[in-house]
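Student: Got a structure here, written out as structure tokens. Questions coming.
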Number of protein chains: 2
Amino acid sequence: MTSQDAHTPATAPATSSPSPTTENGKSVGWHKAYLPDPRGNHPEMRVPVRVVHLTNGESVTLYDTSGPYTDPAVETDVRRGLVPLRENWITARGDTEEYAGRPVRPEDDGVKHTTPRGGLRNLDAVFPGRSRRPLRGRPGFAVTQLAYARRGEITPEMEFVAVRENMAPEVVREEIAAGRAVLPANINHPESEPMIIGKRFLVKVNANIGNSAVTSSIEEEVEKMTWATRWGADTVMDLSTGRNIHTTREWVLRNSPVPIGTVPLYQALEKVDGKAEELTWEIYKDTVVEQAEQGVDYMTVHAGVRLAYVPLTANRKTGIVSRGGSIMAAWCLAHHKESFLYEHFEELCEILAAYDITYSLGDGLRPGSIADANDRAQFAELETLGELNRIAKRHDVQTMIEGPGHVPMHKIKENIDLQQEICEEAPFYTLGPLTTDIAPAYDHITSGIGAAMIGWWGTAMLCYVTPKEHLGLPNREDVKTGVITYKIAAHAADLAKGHPGAQDWDDALSDARFEFRWEDQFNLALDPDTAREFHDETLPAEPAKTAHFCSMCGPKFCSMKISRDISERFGGEGGGGADGAAGASDEEIEAGMLQKSKEFAAAGNRVYLPLAE
Amino acid sequence: MTSQDAHTPATAPATSSPSPTTENGKSVGWHKAYLPDPRGNHPEMRVPVRVVHLTNGESVTLYDTSGPYTDPAVETDVRRGLVPLRENWITARGDTEEYAGRPVRPEDDGVKHTTPRGGLRNLDAVFPGRSRRPLRGRPGFAVTQLAYARRGEITPEMEFVAVRENMAPEVVREEIAAGRAVLPANINHPESEPMIIGKRFLVKVNANIGNSAVTSSIEEEVEKMTWATRWGADTVMDLSTGRNIHTTREWVLRNSPVPIGTVPLYQALEKVDGKAEELTWEIYKDTVVEQAEQGVDYMTVHAGVRLAYVPLTANRKTGIVSRGGSIMAAWCLAHHKESFLYEHFEELCEILAAYDITYSLGDGLRPGSIADANDRAQFAELETLGELNRIAKRHDVQTMIEGPGHVPMHKIKENIDLQQEICEEAPFYTLGPLTTDIAPAYDHITSGIGAAMIGWWGTAMLCYVTPKEHLGLPNREDVKTGVITYKIAAHAADLAKGHPGAQDWDDALSDARFEFRWEDQFNLALDPDTAREFHDETLPAEPAKTAHFCSMCGPKFCSMKISRDISERFGGEGGGGADGAAGASDEEIEAGMLQKSKEFAAAGNRVYLPLAE
């Protein structure tokens, strides 16, 4: 076995820390490294990877979403934010301009009607060392990755994701140009490490965070974001609905190495004290600009919830379960008017285009129960999302489409097939889907099943579901469980899609397992900590980490040992092994085996020796 | 909504405890009840169900595997065992005979070479009040459910499962007679509540327990068994490999309300001190009889691992990962002889037939990694299992077929399709399959994904995988997590297969969710305890259990409340709701909606009112 590289090119030399990363002074068996731009166009480019060091001297290189936080050479400070690594690329294009920006107002943090001490002061004091003014596209310039791709330009961001995905930059450009992939990268979020969402690439995972009126603090949300990306979240959505929405988002954005998504409607509703009928296009637009200047990379917009579709949900078992969808439905009913998001969609496109914000066209009428899956309301909205997708593309706005929800297994494929057809292969971004309603507290699993399947069939990004779904707000442990479950679903989908190199990771882990390299198994695991902990529960002693047996069978009774013996006796020779045998006749196999059996008997007929007892 | 009945007939009156079951003096919102034989042929028949009482006065009836342990009217004593409810049915058939039985020997408990104090004494003292001698079929009589079914007889066992599955008894008989379903019911395990495994019926879940040389006690194993069935395990396999195998199995069988499966080869190997080459047909046969007399309901037999297939595994990434498969491979190599299980298969059939033990033809060459899935070794063995299935059927022995293992999603369907074709639709019983190798500590999830899919496509029983798979022995919490995960997979499969009545359970829970009946949500959940606990973490106060909002959005911002308003305004009227609207023209909808909008405005334009703040 030679050096294995899952998802990243074997040829690119890595600049890296000299030794494995340590935690609490203990080696963790892997270290953060950086791949350069293989074409040398951007000498400053450093594409992050996780290099796992195996005990047999080999190494495995894995995709890494964790940002500078896992690099011991980088000192991070949550109050200063991350280094704006994309800043020079953005300014070098010469198509953006700084401007004064919208003044931040107390109501941005939900303090309109009350005056808690220090509401405004907090906003100013968040990042004292930061003086960057917002950027926007200069008049007459299209500054989105979609516009560049369509013009044939390969941006540094595209080169970056090409390295990450082990793809040619031209493939990245083509997929973006065709609208089959998005590269969410607001020009006001220069701290983000470019990533791509599209069916030709690795399946991505989003983690939701966000405080609500009931609980949570700003620090907790930032911590949840870094925690989620540490375990593999590719993007994070900040769905805060309570106080301090603006400030929480500023903290999250300035410290986030991954694209941040939001639902601007939530904040807009806070500004009108939760009264949906008091929402206006102006308040909504102002909120979008506020968030655009902060650097939000993609926005969920429920512009597909049209007036005429609202009654289609009336006899559903669980009505409208999307918050955004229900707010817009309430507004439409209150005014008996077409949705202001639908009516002003072209204007919204112009705003998003000026910052290169990606649309995530929300499925406000997604089913909230098995009974409501694939109904008329859901698919009526999907038709409208297809219409809006075409409009967005005319404005050079990158666009993905959100999908359900609660869907039994046999109705899942229809969702992706219809979406791909109606939305011209725009990336699908689905919540689950949950394949049954009967398991509250385990909806990471009910939905992980559906997520893996729909990922296999072409969904580009999976929105995680935590064990607390339907029950409460996820804590740190729930966020981790949700991310790990969805990384499993995404990787299972990558395998099933036959993504180049995806299986290298499985193979490296299986090799380690077969060769009883326990430490390598742990370090290659999606969650090394828990794998190690579980092993230690049964066999805590340090020698057990190198023992040639495991706790399932005990030392006397080990199938792996028997197999290794068979492999040593028959493997690696023509006619003996699976590959060789495929071309050998039964007689040849029989003759070879008889010979082997004699050698086996001569060696004492022992297939394994008890190590203990 | 009327009384909901998931999986059991609405018409059959239930004999039941007068009030919901209590635990620690607290009502748990459900109680154990029993359905009678609807045809009145067996007045003593009591088919267990779980009745969930909803706060709106309705109830939901669910399949129940938990045995007498959840019936407060029954006093259970682990040292006396359960009531032998099938005893009269078995003796009434007049085709069995009592006999002295094989004497229990010290080596049955692995105490051949050492003499720990009380080894033999323990065997005698396990069930002091029990004097039942073993039964076997009388010479010339075929005593298997398959034989009865083929003769057109509907046994009480078949009537019992017909009630459980809400199917006609004749369908049960037909499926068994055709070999498409098995009803594992050793005549020496009269304590078991009959259940059926077949693709026409609910997808079943098996939980493995078993001590090993490294850890575990007898009491722990019995406790794991009752714990597993409490959460929904339909069968339990005792895979013990250490000391006290015989005694552990006796305890488990006498206390088990579900069929018990074993792998006799494990105990046989213990009897020859772990030296595979010293195994003989005689030792194996003696072990099978020993277990047959104890009442083992189904036995995994790795008779498909033939000498010629062993070299096919040599170049695999992870060789042979099945313990039984590796033992037989080692034996074949040591002697360069065809497997004694294969050679003596007809004789084995005669033994199993005499006790109505069901074959579970083991897949000893199943893949242990993604890389080895669907290879020549695996499918070569499957061909042999097809041959053995036909032989077993000639002997009236019920038979199911075991399947993999580690298989990426896109290769799963080929497994069930080939198995169904080669094995003439005999029930498939699969381990997972695990859809990726990269997540040790989360293999309940990697495999739950594959299990749900293969269940949808026709697998009849899913063998659970716990979080400790590959790492250690499952403890109590791991067993529960494994069972719950697999109940999710099985139910998701039942939904996807369109099993009659399966969706009633989801519908009842979704109704409760939509109507903010929190206690009903908890009581209907697969795991009420954890659902309640998660809710309490965020909103611990008792009033929150009846609050018309939840912690995800808080009181101001609730999509469910908006939907309920829409439903009240548009629902339940022709032309307004989803069903009605399907037949209405756009103009009719528009007109209806305008009217509704006016009413809405007249009512104050409020779609929800804050309950707090």
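Note: Cβ is positioned from N, Cα and C throughout, glycine not excepted.
TrEMBL: automatically predicted annotations, no manual curation.
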Student: May I ask you to find which of B:Tyr284, B:Tyr342, B:Tyr355, B:Tyr429 TrEMBL records for the substrate site already listed with B:Asn208, B:Met237, B:Tyr266, B:His302, B:Ser322, B:Arg323, B:Gly324, B:Asp363, B:Gly364, B:Leu365, B:Arg366, B:Glu402?
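Tutor: For substrate, TrEMBL names B:Asn208, B:Met237, B:Tyr266, B:His302, B:Ser322, B:Arg323, B:Gly324, B:Asp363, B:Gly364, B:Leu365, B:Arg366, B:Glu402; of B:Tyr284, B:Tyr342, B:Tyr355, B:Tyr429, the listed one is B:Tyr429.
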Student: How far is it from B:His470 (Zn(2+) binding site) to B:Asn208 (substrate binding site), counting Cα to Cα, in Å?
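Tutor: Spelling it out, the Cα of B:His470 (Zn(2+) binding site) and the Cα of B:Asn208 (substrate binding site) are 14 Å apart.
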Student: Quick one: of B:Ser322, B:Gly364, B:Arg366, which binding-site residues have a CB closer than 8 A to some CB in chain A?
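Tutor: From B:Ser322, B:Gly364, B:Arg366, the ones near chain A are B:Ser322.
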Student: For the C-alpha pair, I'd like the distance in angstrom between B:Tyr266 (substrate binding site) and B:His406 (Zn(2+) binding site), rounded off.
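Tutor: The separation of the Cα atoms works out to 22 Å.
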Student: Take the compositional bias 'Basic and acidic residues' (B:99-112) and count its residues per DSSP category (helix H/G/I, strand E/B, coil), listing them in that order.
Tutor: 4 helix, 0 strand, 10 coil
Student: State the residues, same chain only, that lie 6 or more residues beyond the ends of the compositional bias 'Basic and acidic residues' (B:99-112) and have a CB under 8 A from a CB inside it; answer 'none' if no residue qualifies.
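Tutor: Apart from its flanks, the compositional bias 'Basic and acidic residues' (B:99-112) reaches 119-120, 122-123, 133-136, 242-247, 267, 270-271, 273, 286, 289-290, 293.
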Student: Determine, to the nearest whole angstrom, how far the Cα atom of B:Ser322 (substrate binding site) is from the Cα atom of B:His406 (Zn(2+) binding site).
Tutor: 12
Student: Quick check: in three-state DSSP terms, what is B:Tyr266 (substrate binding site)?
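Tutor: B:Tyr266 (substrate binding site) sits in a helix per DSSP.
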Student: Which chain-mates of B:Gly324 (substrate binding site) that are at least 6 residues away have a CB under 8 A from its CB, listed by sequence?
Tutor: B:Val263, B:Leu265, B:Tyr266, B:Thr300, B:His302, B:Val305, B:Gly362, B:Gly364
Student: Cβ atoms within 10 Å, counted per site: which of B:Asn208, B:Ser322 has the most, among these binding-site residues?
Tutor: B:Ser322
Student: Whole-number Å only: compute the distance from the Cα of B:Tyr429 (substrate binding site) to the Cα of B:His406 (Zn(2+) binding site).
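Tutor: Computed Cα spacing between B:Tyr429 (substrate binding site) and B:His406 (Zn(2+) binding site) is 14 Å.
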